[in-house]
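Features as listed in TrEMBL:
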DOMAIN    153-306  domain 'Sodium/calcium exchanger membrane region'
TRANSMEM  118-137  transmembrane segment
TRANSMEM  149-168  transmembrane segment
TRANSMEM  175-197  transmembrane segment
TRANSMEM  261-279  transmembrane segment
TRANSMEM  291-313  transmembrane segment
Amino acid sequence: MHLFYSKKQRVVNPPVFDESGTIGTALLGCVDEESSVKVQCDIRPSVSKTRDPKCYYLKLLLYVLELPLYLPRRLTIPAVSEEKWSKPFAVSSAILSPILVAALLNTQGRNGDAKTSLAIYMTAILVGIILGTSAFVSTKNVSPPRNCLLPWLVGGFLMSITWTYVVAEELVSLLVAFGNILGISPSILGLTVLAWGNSVGDLISNLTIALRGGPDGAQIAVSGCYAGPLFNTLVGLGLSLGFASWSEYPSSYVIPKDSDLYETLGFLIGGLLWALVILPKRNMQLDKSLGFGLLAIYFCFLFMRLVKGLGLLKIGSSFYPNLG
């Protein structure tokens, strides 16, 4: 989007020197508060007409396509930076954030009745009105709050996690839908498209740190490679299973049978054991043997899962007949 939208030009008033050489005040050095508010409250990208009408209409089309995705997040995620500050949006985010969380809770709860859903919505509306009133009274039109930044930052962080969860749910649903349409197993899509797309950001950041991070860059990159999956496995899986069990309470949460789970855990343990054996032998020095070994383990895992997912190799049920 940033390639098509021109940046806002910020005019800085230069100092004015009088005849004696002293700095005076520029004629346009004072900007009233209302004009600055109008600039800050503008949510539209720059779609001003250019010399090329095709470029203008292309920008306008991209703006129309982006607005349904941008506006809901802008109305529910508090932003307290100087560049994105807008009091109307800050007040609206304080009001609408609890309502979004309530809607998410009601859609996730399968066993909730109408009275419980109504109580959740009424509580969220009441909390939103209180937060919106507080934000309207305690904030200014020109600049974000200076003293009480912690509640805004915590709210922005929690709402960002909420939107990440919503997008992740839609992504999984799309993967399942594409799998049903194309006749591809959802596990294969998750193993390839979802796994690579979820890890490409960490891959780029780890490579950058390892190559340009100085003498400690490789150590930081390796620590990040193991710390990220460890957090996802322990915290992500723990929270997911906890919320899933809570949504099914008082009945128990049934995990679907999957014989491939043991293979995945086996290859994961194999990669950890390979690093645990090679690093002490190399005096904790990273070399090509560690990298090639880990790549070989991953490609073996990927080959076996793809072959089984395509139906070329049917094993697992004979090894684990009583699984589950």
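Keep in mind that glycine also has a Cβ here, set from the backbone N, Cα and C atoms.
Tertiary proximity for the transmembrane segment (291-313) is limited to same-chain residues at least six positions away from its ends with a CB under 8 Å from its CB atoms, namely 184-185, 187-188, 191-192, 260, 263-264, 267, 270-271, 274-275, 278. Sequence-distant contacts of the transmembrane segment (175-197) (same chain, at least 6 residues past either end, Cβ-Cβ under 8 Å): 260, 302, 305-306, 309-310.
Through the fold, the transmembrane segment (261-279) approaches residues 285-286, 289-290, 293-294, 297-298, 300-301, 304-305, 316, 320 of its own chain, all at least 6 residues removed from its boundaries and within a Cβ separation under 8 Å.
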